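Novice: A single structure is presented below for examination.
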Amino acid sequence: MDSEVSNGSGLGAEHITNLLVFGFLRNNDRDFHQELEVLGQELPVQVYLEGDREDELQTDGSRASRSFYHGRIEPDSESQDEVIHNIARHLAQAGDELDHSIQPTLVRQLAAQFMNGSLSEEDKRNCLAKALDEVKTSFPRDMENDKAMLIMTMLLAKKVASHAPSLLRDVFRTTVNFINQNLFSYVRDLVRNEMD
């Protein structure tokens with residue numbers, strides 16, 4: 001994918017959202033670090049795990065890239081993927097400030113719903129939407145609604161994964177699907193604005 005951001009939901013949207021959610025979760029992942037590493041290896045996108053962030057200095061003074069995407073080496077310029085990782089890091093920092101607004105009871109309820117094997121993906125998205133409705137009152141008044149919704153969606157995913165690390169894969173998939181269905185135009189605009 002070049003520097004142009006995808007317009008619709010599809011492979012481009014999934015790529016962007018996978019990177020965004022993974023990057024958000026990777027910040028402060030102490031409770032589910034191993035599960036996140038496994039997930040990162042399974043994703044069909046370039047993800048940065050700890051240790052991948054530092055490029056080695058070469059003898060000619062340039063930095064060697066460790067960027068791989070589907071087995072191909074990607075260019076060294078600040079790519080869309082790097083922009084998305086930076087956005088994820090920024091959103092995770094904002095999420096740290098909102099962390100207290102999510103009640104442990106809500107996290108336990110959402111985790112229990114995700115553990116219910118009979119729920120469809122749509123049912124899980126609906127459970128996530130209901131949980132978001134419960135925390136809407138705690139959105140900061142000075143923050144755009146879409147930004148607050150995006151942060152809280154990923155923050156709920158992080159809290160459920162922290163509560164029950166075995167749910168990480170399901171929570172990740174549901175979160176990506178929820179964002180692609182409800183918030184992708186906002187995510188796309190965030191990426192476009194950062195790339196300009």
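Along the chain as shown, residues are numbered 1 onward.
Positions of Cβ are set from backbone N, Cα and C atoms, glycine also.
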Novice: Tell me which range among 12-26, 42-56, 87-101, 162-176 Swiss-Prot lists as motif 'BH3'.
Specialist: 87-101
Novice: Check the candidates S62, S67, S79 against Swiss-Prot and report the one noted as phosphoserine.
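Specialist: That would be S79, per the phosphoserine annotation in Swiss-Prot.
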